[in-house]
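Here's the structure we're looking at; comments come further down.
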């Protein structure tokens, strides 16, 4: 649950804020003085602060400075009376997230708090690279060992310490926002704010107001002055997603900001200076748009200080299996499930699918399937309809996991789907095992079958790696300790030939 710290000597304000935000799932922690509020910042770790500019023991500006010293990333919204707006403007110059005038408009309060909490999440949730996070870890992760993803990690490391604009390119769902956050978190502006704007989600007028702010009366519905993202992001980083969807008017204003680091609010005459790093992203062909006059060439060159191009999921080979294991682990915790593996026919459908929505679609599909899954193995019947009906691509066309990948190394026990593989499986005695157990009338055939499958899987993978447990654990997507325990519990003997002890 998100937490808001309300610092105000007026108890009625705390009551109003609590009543307004309770349906949004935001916990409100009240503080009646600046001193109490600063202590609460240290002890309660709020996600956002609502700070009155006039406090009995200290000025709001002094309190704000102390809060910033403790946590430079913490979004602080200033509450001010109509007659003290100059103090609020001064706080904005010092890095406040935004400000509200009293009496507080509840809709505006909800909007600003929502934006501030999202800003806090984007700036604070760590982005791990080149590793699988454990399901209990807090954070997001890039999962990938393919060559193209290794180049992405290197690019992030090269460009993050610089202040140049970065253009991230790639299909929808490939992880462009993760790249932007990783650049921010590893960069020299990581103590400043990080804000994201989806340029495709807003009309021209709303996007212009969102980015540059507006003055009261600038257009119909503009009842108060609004601070834009570029002003809020002074000293930090802004992420412009779907930048190819900006209108010519907004493109011109963004170009001027890149050139001069200045802008005016919509409906305003005052020139405002800001120091912000721009990271942009698109899934569109900006060069073609420039040729057709839909995107400014000069803006394209300004945004394209450094380019990072993300590969589509269908071209990432073994990474698909790694991502699948990663999502299973995380969703088991989120959904309180215990799905330990994927049935061979389900795995083949997942590998043969083209994934037009890329990593985001894979995560969504795994979550849907787990919600329909009733046992420890994810079956093909749990997959959504689009995978059930999708035509299987020929292996020569599909980017199947390489011969170093988990899917092929695990062999028939993990990914048997073709008739030849099924026959190999039968020859190994697996079908005979099932028939014999049915004949005996066992009451626990499901668990026994899974245990036998595990033995076959481990034996085949260890045979493929010539007993190399490090390589085998990498292929299986489990730790070496887990692999050792499974080898021991299954009675597998590692020698010139890998076999199960009789």
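From the backbone N, Cα and C atoms, a Cβ is placed for every residue, glycine too.
Note: TrEMBL annotation is automatic and uncurated.
As annotated in TrEMBL, region 'Disordered' covers the listed stretch 392-421 rather than the other ranges in 362-391, 392-421, 422-451. Under a cutoff of 8 A between CB atoms, and with a sequence separation of 6+ in the same chain, the neighbours of residue 52 (4-aspartylphosphate) are 7, 8, 9, 10, 13, 60, 79, 80. Residue counts for the domain 'Response regulatory' (3-117) under DSSP (helix as H, G, I; strand as E, B; rest coil) come to 61 helix, 29 strand, 25 coil.
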